[in-house]
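Asker: Quick one: this structure, given as structure tokens, is what I'll be asking you about.
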Ligand SMILES: [Zn+2]
């Protein structure tokens, strides 16, 4: 057993989440965390809403709200979306807590003391017509590195490099098209070149990463420049240095504070658990945290923050770069074990876009379909290694032909037959097991090794494919054995044996599918006569800020109960009821309805 941190990307609190977002960071991290808990690891899964930065400031201005009011609204919406999907966060919090501010400032101060944060006078963009700071994201121009003509001021979406707006060729304001004016302004910079060697050494020891993610990350090290980590902005975490703390016009840049959320959320979780130091088991490089592993889940547009920036902050705070230094009061902190990045999900061949209504919001989806139907689609057809297209026709086919006709049908007919003929889990008859019986039982048991190893290595598509393959074998077994023909009194013991085998394998497959389909796994567990918690679920709780700030909702849960990752022999004679279908077969008309909604 080891301590496993599942660190999940922080959704930005400027709107509801669409299914593209949750297919990249949400569902895959939950499948992993659920499996690791079932396999006996001590998992801490944390995240929260990312609430600072100029987009929230600009949107709040447009709606006549304060940034905090806007963030409050979408924090709540996002918490509810993630809850609806059954994502088992130990703590899903937010970046506007006082605890988060304190942890961010502690990291800033520690890095500053060690010489990895340095002040510098630089050129900042202002709007000539208003005189206000023009945020990076609102400046567009040609990328000086790859020549892409719609690079943003902070990042080029084509080559993935971080940019400074002043380096853009032909810069223009995205708000009104004017050419920004660059003026002198004082800021703090992260000395990335001083951390390049430690990052390279760390990346050289990473085994088993998705090859494209590792390659991309190593390429980012080739041209590391100091990065500004403060901004001319009122909305964000104050700079914790004398002469700066009280300044209303300078704040820590949102990406710096958001990545520290993984740590601050762990600290918040520990403080709420009653053992304020417990977070160290997942973070310290020595003591109880020595064996810990950390996995970071995100979409590919966020790789740079997780494979360069965040490890640089951790190493700088720990005093491990070329300036050396001493760790701060949080101690020496672990660098990520693995950065697990997904590709993008598109929608009927188009890029998701809220403004062009090419979008399906999670809450709209969950109003019309079951959470596990979406979780299934993401697991079997999500953007694990390639950009992938969501189409309603494919969703319908996966749901009806695979989930309902494959797995659902196996559950339904094996439990119905056993309930009708025996009313309970039947025993193996006096003639014992045939070769076919043994082979199917062995396939179910073998799944625990194959499926488990695949999930641990982030091959979720293959993993669920293996589990569904066992379901297909079991369906074939039932058709071959045709227990419904063995109605004569003399045949009844053999019928019992077949159904015993089928139910045992249904129980095993159900366990194998639990990380993917927790809602339906709980139902199948109950149909098999089981009681109690099989797949624990998160809850939304309203909590007080630990340090006196306003209250807010968090997603949390008790995940200590539930089935383990092993084959459990079914209890003979356990009562069965005639089952109701676990999955809903969808009418083909939904495809046209949904497409009309999309274009409407
Ligand atoms: Zn570029």
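Backbone N, Cα and C define each Cβ position, glycine as well.
Note that TrEMBL annotation is computational and uncurated.
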Asker: For which of the residue intervals 351-355, 356-360, 361-365, 366-370 does TrEMBL record motif ''KMSKS' region'?
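Answerer: So the range that TrEMBL calls motif ''KMSKS' region' is 351-355.
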Asker: On the 0 to 100 pLDDT scale, where does the domain 'Methionyl/Leucyl tRNA synthetase' (5-414) sit on average?
Answerer: 93
Asker: Of 146, 159, 354, the binding-site residues listed, which put a C-beta under 6 Å from ligand 1? Please answer none if none do.
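Answerer: Among 146, 159, 354, near ligand 1: 146, 159.
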Asker: So if I measure Cβ to Cβ from residue 143 (Zn(2+) binding site) and keep only same-chain residues at least 6 apart in sequence, which ones fall under 8 Å?
Answerer: 149, 151, 156, 158, 159, 161, 163, 168, 169
Asker: For a three-state summary based on DSSP, what are the helix, strand and coil counts in the motif ''KMSKS' region' (351-355)?
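Answerer: The breakdown for the motif ''KMSKS' region' (351-355) reads 0 helix, 1 strand, 4 coil.
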Asker: Looking at Cβ-Cβ distances, which residues of the chain lie under 8 angstroms from residue 354 (ATP binding site) while being 6 or more apart from it?
Answerer: 15, 18
Asker: Let's check the environment of residue 159 (Zn(2+) binding site): how many other CB atoms sit within 10 Å of its CB?
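Answerer: Here the count is 14.
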